[in-house]
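Notes follow the structure.
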Amino acid sequence: MAKWVYDFGDGKADGRADMKNLLGGKGANLAEMASIGLPVPPGFTLTTEVCTHFYQNDCQYPKELEQQVEKALNLVESRTGRKFGDSTNPLLVSVRSGARASMPGMMDTVLNLGLNDTTVEALAKKSGDRRFAFDSYRRFVQMYSDVVLGIEINHFEKHLERAKEKRGVKQDCELLPEDLEKLVKSYKAVVQLELGEEFPEDPKAQLWGAVGAVFNSWMNQRAKTYRSLHDIPEWWGTAVNVQAMVFGNMGNDCATGVAFTRDPSTGKNEFYGEFLVNAQGEDVVAGIRTPQELTIRARQSHGSDLPSLEEVMPNIFRELLSVRSQLETHYKDMQDIEFTIQQGKLYMLQTRNGKRTAPAALQIAVDMANEGLITKSQALLSLKPDLIDQLLHPTLDPKAKKEIIAKGLPASPGAAGGKVVFSADEAVRRCKDGEKVILVRIETSPDDIHGLHAAEGVLTTRGGMTSHAAVVARGMGRPCVAGAGSITVDYAAAKLTVGSVTVTEGQILTIDGSKGEVMVGEVPTVPPQLSGSFGTIMQWADEVRDMKEFGAEGIGLVRTEHMFFEGQRIVAMRQMILATDEADRRQALDKLLVMQREDITELFRIMDGNPVTVRLLDPPLHEFIPHTEAEMALVAKAAGVPLDRVRRRAAELQEANPMLGHRGCRLAITYPEICEMQARAIFEAAAEVGRSSKKLPVAEVMVPLVATVEELKLLKGVIEKTADAVKKEQGITFTYKIGTMIELPRAALQAGRLAEMAEFFSFGTNDWTQTTYGLSRDDAGSFLPEYKAKGIVEHDPFVSLDPDGVGELITMAVQRGRSTRPEMKMGICGEHGGDPASIEVCEKIGLDYVSCSLFRVPVARLAAAQSALKTKGEPTKQSSTKKTKPRVQNFGPW
């Protein structure tokens with residue numbers, strides 16, 4: 001028979017901490033705490049498999065469930081010495097949700113379940129406190145009516161406020177027993193009025209009603225939204241925990257509280273939390289009364305006159321300190337705990353790994369390793385690499401109020417506020433005047449590069465996580481929210497509209513690129529702060545991964561097209577595009593040669609002998625030509641050509657599908673003089689730096705979008721001929737490599753033959769994902785969220801590398817390429833290089849390096865270290881051989 005219910009309590013448990021998938025986080029940890037001898041009120045857990053069955057079978061439970069619940073309830077009765085629904089010594093229970101991932105406040109809870117007109121009298125007599133009994137009863141009726149019966153809570157709040165007004169008091173706790181008895185009757189009258197039926201008196205009916213409500217809450221709107229924001233799959237389901245009630249509101253020897261075993265804001269090894277005497281759990285977070293500090297130190301530092309738990313209940317405090325130590329030693333992590341003190345006895349109601357800020361996460365990991373609680377490797381594995389992003393960018397002040405008007409994709413981390421502008425030129429103009437601006441565009445193009453650089457952040461209404469705006473913003477370290485489709489932009493009126501809100505040019509917006517939120521007005525930000533623990537973690541990561549401190553081992557991708565979008569460069573580029581013959585084109589290319597050579601020379605000097613991979617021109621030429629009449633007139637004037645020629649050339653360059661059109665190596669084959677100019681710029685830069693530097697530059701020339709061996713063969717000939725010419729002219733020898741970007745499925749199939757000529761492969765996973773899935777990365781954002789919600793894809797494939805499709809193609813290319821050239825260097829470039837999950841895929845495939853944008857390098861270093869640890873285990877000092885470790889290279893819009 002299938003097991004649907006797991007017991008815990010009295011030092012025993014059916015479950016364990018590692019059974020979170022089945023028991024949920026709360027249920028697994030309750031079982032674990034009971035097993036290690038902590039004082040946990042007994043109870044039982046209905047598994048997540050019940051939830052799955054519930055939704056797959058038209059909200060029906062498994063046939064064996066009722067019998068198993070009855071048996072588990074009997075065990076709780078025997079362990080507590082109380083009986084459910086008994087008229088003299090009643091057992092009361094709480095019913096709580098508990099998914100495998102923490103979802104605080106997203107699902108429903110019912111406390112004090114089992115009370116009715118009979119059991120409340122028994123509770124009053126047993127406790128000797130009529131006020132306590134009826135306070136528990138009125139709380140239960142209100143909570144059950146809200147959660148299970150679906151009655152708006154404000155119906156009950158009105159009656160509560162009238163009762164306090166009539167008594168002449170302000171706090172709930174000041175009401176007398178008779179006031180609370182009347183409230184219960186008023187609450188029940190509300191139920192009768194709203195539903196046309198009486199409040200349920202049968203405790204068994206109450207129990208099944210609450211269980212059903214918790215399972216139903218898995219699909220409420222706030223839970224769905226939370227799951228979407230935190231990538232929690234719908235199919236996980238939630239468990240339900242039924243646990244004997246303990247009461248913190250039975251008198252002054254009772255209390256309830258929450259605590260963190262370390263400070264979740266700073267990571268300091270200090271007990272941190274709050275409690276209330278004579279209260280139930282929800283009172284601590286409801287703000288009805290001012291909570292008290294746990295420790296004397298905290299009370300003094302906060303200037304509170306209210307006594308701490310250390311002073312009020314010193315024996316209980318010492319016991320809680322012991323529990324704190326026991327939990328950290330057992331779980332090897334900072335814990336978030338809930339506790340209740342009933343008549344001088346401590347009970348533990350929950351423990352879970354505590355949420356913390358990014359600085360606290362690093363501090364806790366370092367401190368625990370130094371204290372010997374965990375190893376350095378465990379410290380590295382305990383950290384989410386994306387937390388590092390929060391340390392490198394400004395974040396919103398968590399205490400600040402914010403008015404969110406729209407949500408998009410969290411395309412580039414960090415937060416920024418500024419005056420709204422709708423054009424790149426306006427962004428530059430206002431920036432020069434000392435104003436901070438947010439650039440708002442329907443979508444960005446390479447023409448907007450100067451505005452992206454000038455702006456504090458960028459907001460687009462179209463595009464995805466790997467759109468132009470997202471890629472460039474990440475490379476520049478600018479916050480970006482992309483694909484905020486609910487926003488309508490009107491360039492002509494210089495305004496944006498979302499719902500009833502209109503924001504005009506010059507008004508203030510704040511964006512949070514880490515969460516994809518757009519807010520009206522200026523929301524205060526907190527500047528990034530790097531502590532000593534950051535350096536320690538990076539050092540430990542480097543002991544596992546062979547990387548330099550806050551840097552990289554080279555530049556994995558120089559996008560040469562980004563060198564041509566500013567000032568006189570764009571003018572020369574447009575002259576080259578508008579040229580009517582090769583002679584005119586070469587004349588314009590001579591101007592570009594000087595500019596490109598200067599840039600690459602500077603890169604070679606900076607990298608000081610580390611490899612620099614320069615990609616030849618990749619985007620289609622139409623991206624350099626504007627398409628509005630006014631902009632074309634400016635181009636014609638700057639280039640000194642008739643306007644008609646600009647119009648005609650723009651029309652000629654227009655393509656139905658530019659991503660699959662005249663771009664990449666196809667441009668170099670059509671216009672080999674472009675390839676010659678770029679190769680000459682690279683080699684002349686190498687010669688110049690080689691004369692004056694001790695370390696010779698390592699030039700790697702990368703040919704993009706190759707589909708056939710013949711394409712690479714032809715362009716390799718052009719590059720080698722240019723290299724020979726430069727060596728002869730300059731009278732100096734330099735080394736270089738010629739490789740290709742593998743970003744088309746056909747190239748993967750031909751990798752063995754391509755490796756006969758290519759000296760390295762760089763896998764361009766952005767375009768490869770597009771061509772493998774047949775998806776446009778700029779348009780997929782309109783439907784991929786629905787795919788994720790329906791479980792068709794687990795992650796956006798443009799954010800995390802698809803291991804089964806694109807990953808298999810990479811594996812094929814690696815195997816075929818290295819069968820021809822065994823020591824061939826291979827890695828990925830593109831946005832996947834900074835994604836921790838993608839880095840793990842690359843490690844398993846056996847790539848040599850990952851290349852990512854500059855601001856993702858620390859994230860990639862930590863992720864690479866974690867991947868190495870997962871693959872090989874913790875390194876030992878006795879190891880005499882080691883596998884070559886993938887390096888981390890950075891790329892950017894140079």
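Using the three backbone atoms N, Cα and C, a Cβ is placed for every residue, glycine included.
Just so you know, TrEMBL annotations are computer predictions that nobody has curated.
Secondary structure counts, DSSP: the domain 'Pyruvate phosphate dikinase AMP/ATP-binding' (21-57) has 24 helix, 4 strand, 9 coil. Sequence annotations record features per position, and here TrEMBL assigns domain 'Pyruvate phosphate dikinase AMP/ATP-binding' to 21-57 (among others).
Taken from TrEMBL, the feature domain 'Pyruvate phosphate dikinase AMP/ATP-binding' applies to 60-300 (among others).
Secondary structure of the domain 'Pyruvate phosphate dikinase AMP/ATP-binding' (318-369) per DSSP (helix as H, G, I; strand as E, B; remaining residues coil): 26 helix, 17 strand, 9 coil. Marked as domain 'Pyruvate phosphate dikinase AMP/ATP-binding' by TrEMBL: 318-369 (among others).
Per TrEMBL, the feature domain 'PEP-utilising enzyme mobile' maps to 435-516.
Among the features that TrEMBL reports, active site, tele-phosphohistidine intermediate is placed at H468.
Annotated domain 'PEP-utilising enzyme C-terminal' per TrEMBL: 541-867, in sequence order.
If you draw a 10 Å sphere around the CB of R559 (substrate binding site), it holds 21 other CB atoms from the protein chains shown. Feature annotation from TrEMBL assigns substrate binding site to R559, R615, E743, G764, T765, N766, D767.
As annotated by TrEMBL, Mg(2+) binding site applies to E743, D767.
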* Structure fact -> Excluding R559, R615, E743, G764, T765, N766, D767 themselves, the substrate site's Cβ centre has within 8 Å the residues L557, D618, P704, M741, S762, W768, C829, G830
* Structure fact -> DSSP puts the residues of the domain 'PEP-utilising enzyme mobile' (435-516) at 18 helix, 28 strand, 36 coil
* Any idea which of the binding-site residues E743, D767 has the thinnest Cβ neighbourhood at 10 Å? -> D767
* To do: Check each residue in the chain of T765 (substrate binding site) that is at least six apart in sequence and keep those whose C-beta is under 8 Å from its C-beta; list them in sequence order.
  => E743, L801, V806, I810, I828, C829, G830, E831, H832, G833, S838
* To do: Please report how many Å separate the Cα atom of G764 (substrate binding site) from that of H468 (active site, tele-phosphohistidine intermediate), as a whole number.
  => 15
* Where H468 (active site, tele-phosphohistidine intermediate) and N766 (substrate binding site) are concerned, what is their Cα separation in Å, rounded? -> 11
* Lowest local Cβ density (other Cβ within 10 Å) among binding-site residues: G764, N766 -> N766
* Among H468, R615, the most crowded of the recorded positions [Cβ within 10 Å] -> R615
